[in-house]
Each structure stands twice: as structure tokens, then as C-alpha cells.
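Following: one structure in C-alpha cells, then a few remarks.
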Amino acid sequence: MTQSLISPSSPEYLDRLNPEQREAIETTEGPLLILAGAGTGKTRVLTTRFAHILLEGRARPYQILAVTFTNKAAREMRERVGALLGETADGLWLGTFHALCARMLRRHAEYVGLTTGFTILDTDDQIRLVRQIMEPFRLDTKRWPPQALLGVFQRWKDRGLTPGQVTPAEDTDFAGGHARKLYAAYQDRLKAVNACDFGDLMLHTLEILRTQPDVLAQYHRLFRYILVDEYQDTNTIQYLWLRLLAKRDHGPSNIACVGDDDQSIYSWRGAEIENILRFEKDFPGAKVVRLERNYRSTAQILAAASGLIAHNSDRLGKTLRPGREDAQGEKVQIISVWDSDEEARITAGAIERLRAEGHPLSQIAILMRAGFQTRPFEERFLTLGLPYRVVGGLRFYERAEIRDAMAYMRVLAQPADDLAFERIINVPKRGVGAAGLQKLHHEARLLNAPLSVGVAHALETGMVKGKGREALGGLMEAFQRARETRESEGHVVASEQLLEDSGYLQMWRDDKTPEAPGRLDNIKELLRAIGDFASLEGFLEHVALVTETEDKASADTVSLMTLHGAKGLEFDTVFLPGWEEGVFPSQRSLDEGGLKSLEEERRLAYVGITRARKRAVILHAARRRIYANWQDSMPSRFIDEIPADTVEHSGQAMQERRQLAAQSSIFASGPLTSTRGGYGRPAPRVTDVVADASHGIAIGARVFHQKFGYGTVLAVESDRLHINFEKAGEKRIMAHFVEQVS
DNA sequence: GCTTTTTGGGTTTTT
DNA sequence: CCCAAAAAGC
């Protein structure tokens, strides 16, 4: 990439772009949809477009609204735009939907009953709050878990619905039809404590833009151009927000959205693929530019991925073409293995061989459907001493000790932050339990003051006695001293002092569990990070909006991550394990969302394959351990959907499996003879088996199992039997593992 | 109020 | 199987 400042008259930054990319950049006026397939230079187009608008003098930096989904994408765009312009651009409206909304909301908070210093709650706070509002309703928290209720609220918020806008018909049967009332109560409570949850950042901002024409007009004047990344992942409220800002009474909407309908994988989080599918209707006269030249992957990989995604029906239609003229590349390997342990063994072995050939480990990734699938790989890598890292596992700011420490900071910055105060009032133990807390809450409510004031009052009036009195007094003093220190020596010193004086650090020093030292390190890291910010408020805002910490220097390690986590990344070699029916596509997905979900799973598979630059290896196991017992599994339908001429099969397991299957009655009726490329088409699909339930074993039948002996069938779930064994107790067994006896 | 036992549930999770 | 959260016990 060119680093030097480019003069507008000779735009050499446009030189090495293909015609479609140029069109996407040079069409600055009017609505534009850029359909950018995987690896077609999307980020480059977006950032160059941003710079192009500035360099042509069409707008000042702050007049462009640029929206991304992740902080990472925002950071990257900021850096690359800065590089193109040869300067660091400040004051940009460039960020995630939530960060941009937070910025707007702080300016106009009073319109929705908040003050500019409102706190942004984390998920722990939200759950605690939901639990509080549920209490008077006396609901069974087993049947209606607070998390689930919060999920209902969130889905409403994703659709831009305030409590008043949720129609009675919308009110699900959740919580006995009380969900709407609970939602209203939750929102009231948030306002009462001057707080916002994540969804509120958007909901409140949308509300302000909807109801305050002058505010909206102000932003209309400000933003001349709007750029949106990952448009296929926008949900309804984000769409409404964008449309409000883009549509104006006079003049065209200079909104450019970049996205790929084939990479929409977040519908379960409220993303509406419809948003991208109907863009041209929403913005009449919109121009559509397709970026189809892929510069990332080999022709074989592209053909495999394209063939797979062609099985989806709801598509805008795009064909990835190889942008590079070099080698055709290797075929996509499909390896059949016996079980999940062999899968890990073979993968690790292949990686060791690649490593010996000089392949950097940092260019290898193992991408799976679900987080727990990393386990066998980790075990194998540990025994081999192969360096790896699990990406996106437990995140820094979600660790308990970090949230605790953050709560201390929040109270320091904002004594009225009751939820934060509540979190740490008894951490470390200060003898305040549920009952004591109740009393203190009551006291605060009588004074119509925050909880911390209630505590101070309770201490003065002698309400609290004994040990608790001493401990709580110490806590209040620690906060008092920290506030003084903050005045005199700044927020960094004050923060550390607070954690020390409150006894929080000592609590972990006294903790003898093996995790304690690591936790102390994390807290140290947190204190270090505070120093990067000019104020405590700035730090808190950052943490509230950013969940991950910046990637540390990328060591030479294999990356293990979920397919979702891999979106936007690329590697030379990609391993895709667990391509089995029920695992991928995930059974639960299929059960809940039917065909739509299947298509989303297929897009996920497409995302997985297109991460690979040179080599993609798909694996599937004949049986997999699920919780306690082994379960047989069939190859994923996606394997069959990849064009046969782009793949290469190997592995013994399927052959053995076929022999085994031939012996057992359940598979006997299946077409086991047809072969394709030396690879036997496996036994019929699980769904086929379900359809005919050919084992013919009924409830109450007496059966014999090689290992567990004799038992009685309690329940039949298609091909799985729930059996009460005389010696071994109750087990779930695949029907073909037992034989019926009389 | 705190610790232990039981039970129940178990995808994906950019913000 | 393995973890988290609720219920029971001290």
C-alpha cells in the first residue's frame, strides 16, 4: 500500500484496482450497494473510498459517517485511512454502531431521560437488574430464567421496539404473558439509575432521531457521506437508524453499503439478511457493484466454495472468479476418520508435517462449529508440544476479577452507580448477605439516594453492627481516600490505591487456588491499561464498548477458533473438522430454524472454506463423543454438495464403517454400492433412518448389548434407544448396537 | 451468611 | 462428562 500523500490530480491510489473496485470507489454520489464476495478486496475498497472522498475535497473528515461491526474493523479502517492520507485523522465519525450511538447519546441524553454521564451496563449488571424486576412478579426462575427474559428484551430492542411499541400480540407466552410489563419495568429501572444496556445505545438514539427533528436535521447537515461495512449483518434497528440518517427531503442519499449476502451468519443475533436483499427497493436508483474477483484463494478452493453456496436459494447471486492467474491449486481434501480423537491426531500430524516443510504455524487455522470442539485438539497439541492459541475463548473484560475491579472503578467515577456498588459491596466478604443488602437498599430508598449514600447513612445511625460495620466502614473510607488521591495524584494512582485499600487485591493474594496468581496478573494488566487513558471516564467508556483487548504480537501458533470468529480472517491452510450431520449443520439449528437455518449453516461452511488461501482440509468422524457416550455420526450433507471434481477423499474410517453398517440391520436397506471417486457413498442419511426407523424395536422390548448386557427399552427416539440395563443402569444407545431378545 | 451438595443443561456471541 | 447455578445444610 502506498504510504505517501497523494495529490488529487494524479490519483495513483486508484491505479492497482480492478474496474469494479474503481467503480465502487469513484461512484461517490447516490446510494450504492457493493456486493463484495469473500477475498475480493472489500476492506481496501472501503478505506480507499473513504480517502477518495476526502482527497477529492467532497467532504471534511468529520462529515463522513463510517460504520463497522467490530472494533477491530474500525481500528483497521482508521489506520488504513490514516496511511492513505499520510496523517492520523482525528474527530472521525468512524466506529461500531454502538460506539457511534454512545457518542450521539451522550450529547442528547436528556431527551430520553438520562444525563450525559449515564453508565453502560455489562451483562452481569443486566442480569442482576432483570432478577430484581422479576422478584415482585414471583415467577419461577427455573421456568423463566432471567437470561432468557433479557433475551426477549434484547430481541425487541434489535427490532427498535420500546416497551410502548410492543403490541400485546407481540407479547410472547414468556413469563405467563408478563414479558411486556417486565420490559417496561426494566427500562424504568435503567432510567432510574441513569444507566443503559447495550441495546439501549441504539434504541435511545433511534428514539431521539425519530422524535427530535432538529437533532436529526443537525446530523443530516453533518454527514454528507455514509459508509457501512458488513451490511448483511445489520439488524432491524441498525437499518432503521441508517435509513433515518441517510434519507433526506432534498438531495440523494450518499450511502454506500458493503456486504456479502453469502456471508450472513448472525441471524440468530437479530441480523436481517433481508436488509441487504432489498437495498435497491429502500434506496431507489441505487447502483449495485459486484466485486467478484477473488485474490485470496486458489481456483480449486473457489470452485468448491462456489459450488457449495450455489445450493442456497435466497441469494443476490455472485460468482467468485479467481483474480490471480497462478496455479489452479490443490483440491480440497476430505478426510474420513474413525472418531474425534483420530480427527485431532490426524490434524495435528498434518500440521507437524507442514511445519517441517517450513509452513508458518501462524498461517494455519482450525475452524469449528462450536467452541467446545477445540478440546480434543488442545489435548493433542499439548502432548505434542505444538504451540496453539484458542481465539475468542474467555475474553479479558469478561473475567470475574476484571469485572469486579471495573465495578470499583465505576463507583469511584460515579458514586451513584448502584449496580457496580452492589457487585462489590461484599467482595471481598464484608458480612453483607442478601438480607443485609435488602436493608441497605431500603435505607437508600427512604433517603431517595444512591445505595452508597444509604450505606453511609446506615453506618452513621448505627444500623449496621459488628463485623459488617467495621468492614463496610473500611470500604467507604477506601472510596473516600481514593477520591482524594484522584484529585491530587490522578486516576491511575487512585485506582490502584482503591483496589489495595478495599482489600480486593489482598483477597486474591490470600486465595490459594491455582488461578489466583493469574487473576492478579490480569488486574495488574487492567491497571496498566488505565494509564493509556486521560481520564477514568474515558477508560470506562472504552471498556464498556470494547470487549476484546488488542491482539498481542502474533506469535507463531496455530489458531483454533469458531467459524463465526474466523469471519474476515484468512490463512494459508485451513482445517475444518466436524463436518457431520448434527454437528455441522448443527442439529439444534435445524430443529429451530428449518430451511432458513440450514442455509445459514451453509453460509457458515462457505465462510469456512473461503478463509483458505492455498489449502482447505475438511474432516468428518464416524463417531463422536457427546457428553458421556459415543454417538455415531454421518458425513455432513455439505460434503456431498461440494462439486466432486474439486475434492479429494481419503481416510479409512468410512470403508470400515460401511462394512460395519452392512452387518447391522439398520443400514442394510441403504444403497451402499454406489461409489464416487473411490469413496463409497456412506450409509443413508440420519433423516432417512429416522423416516423408516428400521430397527423395529419398541418400548418395553428386551434387548442385549455387548458391553452392558440385558436391559429394557424405556423410550425410542428414532434410531436412539433409551434403555434401562439390569447391571449398568439407564443409557442411551444407538439401536444397531443392541439386539432384541425374547 | 457462608459452604457444600444437588441438579440440570449443554451452538454460534462482532457490540 | 463438566460446568454453573440453585437448594440444602451448617
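Any Cβ shown, glycine's included, is placed from N, Cα and C.
Because TrEMBL annotations are produced automatically, they should be read as predictions rather than curated entries.
Just so it is clear, the model here is predicted, and its values are computed rather than measured.
Copied over from TrEMBL:
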- A:15-298: domain 'UvrD-like helicase ATP-binding' (DOMAIN)
- A:Ala36, A:Gly37, A:Ala38, A:Gly39, A:Thr40, A:Gly41, A:Lys42, A:Thr43: ATP binding site (BINDING)
- A:299-568: domain 'UvrD-like helicase C-terminal' (DOMAIN)
Per DSSP, A:Ala36 (ATP binding site) is which: helix, strand or coil? strand
Cβ within 8 angstroms of the Cβ centroid of A:Ala36, A:Gly37, A:Ala38, A:Gly39, A:Thr40, A:Gly41, A:Lys42, A:Thr43: which residues besides those meet this for the ATP site? A:Val45, A:Asp260, A:Leu291, A:Asn294, A:Arg296
Near A:Thr43 (ATP binding site), how many other Cβ atoms are within 10 Å of its Cβ? 17
Would you mind giving the whole-number mean pLDDT across the domain 'UvrD-like helicase ATP-binding' (A:15-298)? 91
Helix, strand or coil: which one is A:Gly41 (ATP binding site) in, per DSSP? coil
Nonlocal residues around A:Ala36 (ATP binding site), in sequence order (Cβ under 8 Å, 6 or more apart): A:Lys42, A:Val45, A:Val258, A:Gly259, A:Asp260, A:Leu291
Densest Cβ environment (other Cβ within 10 Å) across the binding-site residues A:Gly37, A:Gly39, A:Gly41 belongs to A:Gly37
Please give me the CB contact count at 10 A for A:Ala38 (ATP binding site), counting all chains in the structure. 25
Count the Cβ atoms, other than its own, that fall within 10 Å of the Cβ of A:Lys42 (ATP binding site), considering every protein chain shown. 23
Just to confirm: which same-chain residues, 6+ apart in sequence, have a Cβ under 8 Å from the Cβ of A:Thr40 (ATP binding site)? A:Leu291, A:Glu292, A:Arg293, A:Asn294, A:Tyr295, A:Leu320, A:Gly323
